[in-house]
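Copied over from Swiss-Prot:
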- 50-80: domain '4Fe-4S ferredoxin-type 1' (DOMAIN)
- C60, C63, C66, C109: [4Fe-4S] cluster 1 binding site (BINDING)
- C70, C99, C102, C105: [4Fe-4S] cluster 2 binding site (BINDING)
- 90-119: domain '4Fe-4S ferredoxin-type 2' (DOMAIN)
Amino acid sequence: MTLKELVVGFGTQVRSLWMIGLHAFHKRETQMYPEEPVYLPPRYRGRIVLTRDPDGEERCVACNLCAVACPVGCISLQKAEHKDGRWYPEFFRINFSRCIFCGLCEEACPTTAIQLTPDFEMGEFKRQDLVYEKEDLLISGPGKYPEYNFYRMSGMAIDGKLKGEAENEAKPIDVKGLMP
């Protein structure tokens, strides 16, 4: 070992200790997660929920667009029909162990029934516990769009009732009467 190699080796050791000394007193970048809340951006895509319309009814009309739009095929549902003619999902299942939280199901939903919330704490010990049924996904409120009602906006009538005669539904506006 030559003197030059010895000096270079000693210099790298001193430089390493200098860098350690500099970074030892800097503010830590690691967040202590459970104690400190995590900042999430406003449009963060986390847990998927099913919402209700302002009347308290299920928004999902079992159109199957969410299942078709899902790139990994983690959504499955079966359509059924109420006596008044409204469709609803007999069962609605999402396998969160396969879900990539891309948000395509939310974009495809015409009734805004599927919404992604900023909740990300979904850790389970068993893979079977990550398969959520409709009862697990359905929340009591309307979610991000509190005033939107698919049947009212689309102008669809319900069997046995004219447009605007359903519970908590306003009569349709005659737009032709507004023209000059």
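For all residues, glycine too, the Cβ spot is worked out from N, Cα and C.
Cα distances from C105 ([4Fe-4S] cluster 2 binding site) to the binding-site residues C60, C63, C66 are smallest for C66. Contacts of C63 ([4Fe-4S] cluster 1 binding site) defined by a Cβ separation under 8 A and a same-chain sequence distance of 6+ are given as W87, P110, T111, in order along the sequence. When the alpha carbons of C66 ([4Fe-4S] cluster 1 binding site) and C102 ([4Fe-4S] cluster 2 binding site) are compared, the span between them is 12 angstrom. Per DSSP, the secondary structure of the domain '4Fe-4S ferredoxin-type 1' (50-80) breaks down as 5 helix, 9 strand, 17 coil. Take the CB of C99 ([4Fe-4S] cluster 2 binding site) and look out to 10 A: across all protein chains shown you find 18 other CB atoms. Note: the domain '4Fe-4S ferredoxin-type 2' (90-119) comprises 5 helix, 9 strand, 16 coil (DSSP; helix = H, G, I, strand = E, B).
Long-range neighbours of the domain '4Fe-4S ferredoxin-type 1' (50-80) within the same chain, counting only residues 6 or more positions beyond its ends whose Cβ lies under 8 Å from a Cβ of the stretch, are 86-96, 98-100, 102, 104-105, 107-115, 134, 137-143, 145-151, 166-169. Non-local contacts of C109 ([4Fe-4S] cluster 1 binding site) by the CB criterion (under 8 A, 6+ apart in sequence, same chain) comprise C60, L65, C66. Same-chain neighbours of the [4Fe-4S] cluster 2 site beyond C70, C99, C102, C105, judged by a C-beta within 8 angstroms of the site's C-beta center, are, in sequence order, I48, C66, A69, P71, V72, C74, I75, I100, F101, G103, L104. Listed in chain order, the extra residues whose Cβ falls within 8 Å of the Cβ center of the [4Fe-4S] cluster 1 site residues C60, C63, C66, C109 are V61, A62, N64, L65, L77, C105, A108, P110, T111, A113, I114.
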